[in-house]
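Take a look at the structure below.
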Amino acid sequence: MKNIVGNKVVLIGAGDVGVAYAYALVNQGTVDHLAIIDIDEKKLEGNVMDLNHGVVWASSRTKVSKGTYADCEDAAVVVICAGAAQKPGETRLQLVDKNMKIMKSIVDNVMANNFDGIFLVASNPVDILTYAVWKYSGFDHHRVIGSGTVLDSARFRYMLGERYDVAPSSIHAYIIGEHGDTELPVLSSATVAGVSMRRQLQKNPGLEEELEKIFEETRDAAYTIIDAKGSTSYGIGMGLARITRAIIHNQEVALPVSAYLEGQYGQEDIYIGTPAVINRAGINRVVELELTAHEMERFIHSANTLREVQEKFFPPAN
C-alpha cells in the first residue's frame, strides 16, 4: 500500500445513501476532497453544486467535485454506495443477484486506475458484497471493509437509550452477524451507563423478553423506514462518515463493521458484522467478543446463512 498523502475520498453511487453520506462527510469536515461518481450525471451535477454551497457553513473546507474513476488513483478511500435499492418487503439477501454484477464492474474500473487505498462498502447485502469486492480487487482483506452492523448497533443503542432515559453515547452494546434478518444482540457484554445488562438479566429474568422486543424493533427498523419513505439514508450515511473518520484520522477505534474472519468465532473465509479496530490501514484487528452459548448458536446460524449465499457466487476451493 503506497503512502497516500491527502485525505481524498471517492464516492461511487449518489443515491439516497450516497448523498446522505456526502452531506455528513462535508458537514463534519473530515476530508479535503470528495469526488462523486454516478451514472445520472445531471442529478450528480446538482448534488455537487448543492453540497459546495453548503461548505460555507462547514467546520472546514471540503472540495466536492463530479468525479471519474481516474480520481481513484490518489484516493485514500473509495466508498461504494451504488446498486439496486431494497424495495418494501424485500430482504437484503434478495438483492445479491442484482448487485453482484454491479460490484464487479465498479471494482474493475477502480482497480484499472491504480487505486491503492481502502475500500468501504455499503451496498446491500453488504456482507456478501464486501466479500465480492475483496475477491475482485485482490487486496489484502484488511483493506476492504463493509459497513456491517454499524447502523444496527447505533439503532440498538438509541432504542435502549429511549428505554432507560440514557444518552446513547453512555450505552455500549453491539449487534453482530449478518446486516439483516439473522443478526443478533450481544446482551452478555452490554452496559447501560456502566451497569452490566447481564447482571440486570440475572436480577430480573423477565427483562429478557422486553430486551428481545427492543432488538426485534432494531432488526426490523429498515423495513419500517423503507415502507414509510422508500429507503434508509441518514443513519447509514452518518455511520459511513464515522468509519471514514476512523480511517482518515488513524483513530484505532473499535466499530461494528463487516470484517473478514480467520478463525474468530470459529468462522473462516467470510465477511460478517463484528467489532473491529479501524485505522489508516483499514482493519487493524477483529475484536472477538466473548459470547454465551445461545449467542454463539445464533451467530453460527447467521454465518451459515451468509455462507450459503456466498458460495453460490464464490464456491469454496476443494
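Cβ coordinates come from backbone N, Cα and C, glycine included.
Some features that Swiss-Prot has for this protein:
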| type | residues | note |
| --- | --- | --- |
| ACT_SITE | His179 | active site, proton acceptor |
| BINDING | Val17, Asp38, Lys43, Tyr69, Gly83, Ala84, Ser105, Ala122, Ser123, Asn124, Ser147 | NAD(+) binding site |
| BINDING | Gln86, Arg92, Asn124, Pro125, Val126, Asp127, Asp152, Ser153, Ala154, Arg155, Thr232 | substrate binding site |
| BINDING | Arg157, His172 | beta-D-fructose 1,6-bisphosphate binding site |
| MOD_RES | Tyr223 | phosphotyrosine |
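Here the features listed in Swiss-Prot are painted onto the structure.
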residue: Val17; record: NAD(+) binding site; CB count, 10 Å: 27
residue: Gly83; record: NAD(+) binding site; CB count, 10 Å: 26
residue: Ser105; record: NAD(+) binding site; CB count, 10 Å: 11
residue: Asn124; record: substrate binding site; CB count, 10 Å: 29
residue: Asp152; record: substrate binding site; CB count, 10 Å: 30
residue: Ala154; record: substrate binding site; CB count, 10 Å: 19
residue: Arg157; record: beta-D-fructose 1,6-bisphosphate binding site; CB count, 10 Å: 23
residue: His172; record: beta-D-fructose 1,6-bisphosphate binding site; CB count, 10 Å: 16
residue: Tyr223; record: phosphotyrosine; CB count, 10 Å: 16
residue: Thr232; record: substrate binding site; CB count, 10 Å: 22
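For Asp152 (substrate binding site), the nearest of the recorded positions Val17, Gly83, Ser105, His172, His179 in terms of C-alpha separation is His179. Figure note: comparing Cβ neighbours within 10 Å for the recorded positions Lys43, His179, the maximum is reached by His179. The DSSP secondary structure for Val126 (substrate binding site) is helix. Look at Ala154 (substrate binding site): DSSP puts it in a helix.
Of all the binding-site residues listed here (Gln86, Ser123, Ser147), the one with the fewest other CB atoms within 10 A of its own CB is Gln86.
Taken residue by residue with DSSP, Gln86 (substrate binding site) is part of neither helix nor strand, so it is coil. The Cβ neighbour count for Val126 (substrate binding site), using a 10 Å radius and every protein chain shown, is 29.
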